[in-house]
Amino acid sequence: MWAPEEDYKQPLLTNSRVANNGNNNNSNGRGGSSSPSTRLQPEHSSRKCNDILFTILFLLVIGGMAAISGIAYTKGDPSRLVPNAPNIPSIPGFNTNTTSSENPIEQYFVSHLESLVAELKRDKDILIYSVLLAIALGAAWIQLLKSFTRFFIYFTLCVGVALVATLGGLFMALGHKEGSESTMIVGGCIIICTLVLVVVIVYLRKSIDLTCAMFTETCRGVQRSPSVFVIASLVVLFFIGFIAYWTSSFIYLFSIPGSTVNPLNDHTSSEANSTDSEQEQSAFNTKIRNLMYFMIFGFFWASSFISAVFQHCVAGVVSNWYFSRDPTGKSLVGQENAYRSLGRALSTSFGSLAFGSLLIAFIEFMAFMLRVCKNSNATNKLVVMVVSCLQCILGCIESIVRWINKFGYIYVAMHGHSFCTSTKECFDLISRNMFNAVIMDFIGGLVLLLGKILGSAASALFTTALLYGMGKSLNPITIALSAIFAFCIFNLFTHIVGIGTDTIFVCYLEDLETNKDGNLYISPDLHELLQDKCNECKEKEQKNQSKV
């Protein structure tokens, strides 16, 4: 995808710097002493299968989902879910024999939807062109991000702020023209958000240089292994296939004859004088509900595991590239780097990834059960308030666990340790080097988000111009789908860059502890910026302690 880069030939650290810092190294610590011609790599344990218990549990859950799917496909009847089907039971108080022709509103929406779908079929070629354009823009975006990092990041920030300000101005003008106060209020809120965004960017201007260097280093590592994009695409396609399988299984399970009551609604109750058949029906519905809960939990675990495999692959690619460079900056890693990382994720690190994803799945399942409880007790305001508070707390816990898992997966990819060991050692590494505050200063997330928005807007504009130039009607569904596809494609690119940036950060800390600030693997510009940032954090800490 990319030609070999000339910027790899630059030396990572000058000999004078190595000579000055080489005397400060001693035999204490993990790396020992290092000479200008010798660079030590972090200690790697022999890779072996870890967290085997969670591997077995995950495979059992997948096997259980397959067994339930077999039962659902055998006994399910999705035609029962179609309105006005002859075998669907009638609901008291509703006339199920009413046709759509007797309802003019329904007839209007159905006919309008049919026309939109027909236009969408006619515009399928334009959708294909927009997807190809989004892929090309994503590849160009990464190349620009590496070659013109500072300019491109500032350009992205300025364009993003300008777009938000323009949107606010349009809402204000539209509200003034139509005399709508609500529209003007929305425009005012958007303009206020724009001002807040400008203040945040000005406050974090010192971190922009650090972000530029981090992104440059990440793009170098990613471009040395373009196969990571192939692996990422395969993971996404596998996830889409899994969603299709799970959705069809769930529909068939929901449509098993006898499950006339919504299994996800706990309102079901029986009369005191119910017959034996009604009791059997209630018991059958309980079984269906429990199977559905199992399928939902399995979906959360499997989807979290797929995401963990993706993060492991990217982290393995970037970390392997980081520690495989020679003193001139060249690396011997190639196309097989990503495939080896995927192989480790599906073999020795399988249990560790299953363990980390299980934590996320359990939290997501608890959040789902809280939503079911909230819907079942919608009339009880006290229960709704308590459940809403629990949902807020659980959401905060989920964000923290996801943040912890991210670094745990990176360390698993680097060393092959178990999940708990990797997470503990990674955060010990961060705390020992006083860099935990640096992560919060990065504005990379904002840049990546604006990049996704710009990519989606460019694809939508391209589709609109193409439809207009070909004399076709501007189908809103076609334009919206092109923007959605572009957002998903850019999300894939930016997700790779985001994980790679976090991996570079952890690799630098490991590099610094191993080589003791002498003859490091990292490029000199990023090393200087990180050292300056570390000194700033230490100065702030000393000032705070002196005030206390």
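Positions of Cβ are set from backbone N, Cα and C atoms, glycine also.
According to Swiss-Prot, the feature region 'Disordered' maps to 1-44.
Annotation source Swiss-Prot lists N-linked glycosylation site at ASN25 (among others), citing sequence analysis.
The annotation transmembrane segment is assigned in Swiss-Prot to 52-72 (among others) on the grounds of sequence analysis.
Among the features that Swiss-Prot reports, N-linked glycosylation site is placed at ASN97 (among others), with the record citing sequence analysis.
Sequence annotations record features per position, and here Swiss-Prot assigns transmembrane segment to 125-145 (among others).
Summarising the annotation, Swiss-Prot assigns transmembrane segment to 151-171 (among others). Distant neighbours of the transmembrane segment (151-171): 144-145, 183-184, 186-191, 193-194, 197-198, 201, 208, 211-212, 215, 446-447, 450-451, 453-454, 457; these residues of the same chain sit at least 6 beyond its ends, with a Cβ under 8 Å from one of its Cβ atoms.
Taken from Swiss-Prot, the feature transmembrane segment applies to 184-204 (among others). Same-chain residues lying 6 or more positions outside the transmembrane segment (184-204) and placing a CB less than 8 Å from one of its CB atoms are 157, 160-161, 164-165, 167-176, 441, 443.
Annotation comment: Swiss-Prot describes 226-246 (among others) as transmembrane segment. Outside the transmembrane segment (226-246) by six or more residues, the chain places 1-2, 65, 69, 295, 298-299, 302-303, 306, 309-310, 313-314, 317, 335-339, 341-342, 492-493, 495-496 with a CB less than 8 A from a CB of the stretch.
According to Swiss-Prot, the N-linked glycosylation site annotation covers ASN273 (among others), on the basis of sequence analysis.
Beyond the transmembrane segment (290-310), the same-chain residues lying 6 or more positions past its ends with a Cβ under 8 Å from any Cβ of the stretch are 58, 61-62, 64-65, 68, 71, 232, 235, 238-239, 242, 246, 249-250, 253-254, 263-264, 342, 345-346, 353-354, 356-358, 360-361, 364-365, 368, 405, 409, 495. Swiss-Prot lists 290-310 (among others) with the feature transmembrane segment.
The transmembrane segment feature in Swiss-Prot is assigned to 350-370 (among others); the stated evidence is sequence analysis. With a threshold of 8 Å between CB atoms, the same-chain residues lying at least 6 positions outside the transmembrane segment (350-370) that come near it are 49-55, 57-58, 296-297, 300-301, 304-305, 307-309, 312, 387, 390-391, 394-395, 397-398, 401-402, 405, 408-409, 412, 417-420, 422.
The N-linked glycosylation site annotation in Swiss-Prot covers ASN377 (among others). Following the DSSP three-state reduction, the secondary structure of ASN377 (N-linked glycosylation site) is coil.
Remote same-chain partners of the transmembrane segment (381-401), defined as residues 6 or more beyond its termini with a Cβ less than 8 Å from a stretch Cβ, comprise 359-360, 363-364, 366-367, 370-371, 373-374. What Swiss-Prot records for 381-401 (among others) is transmembrane segment, and it gives sequence analysis as the kind of evidence.
Summarising the annotation, Swiss-Prot assigns transmembrane segment to 442-462 (among others).
Feature annotation from Swiss-Prot assigns transmembrane segment to 479-499 (among others); the stated evidence is sequence analysis.
The N-linked glycosylation site annotation in Swiss-Prot covers ASN544 (among others).
Within 10 Å of the C-beta of ASN377 (N-linked glycosylation site) there are 16 other C-beta atoms, taking all protein chains into account.
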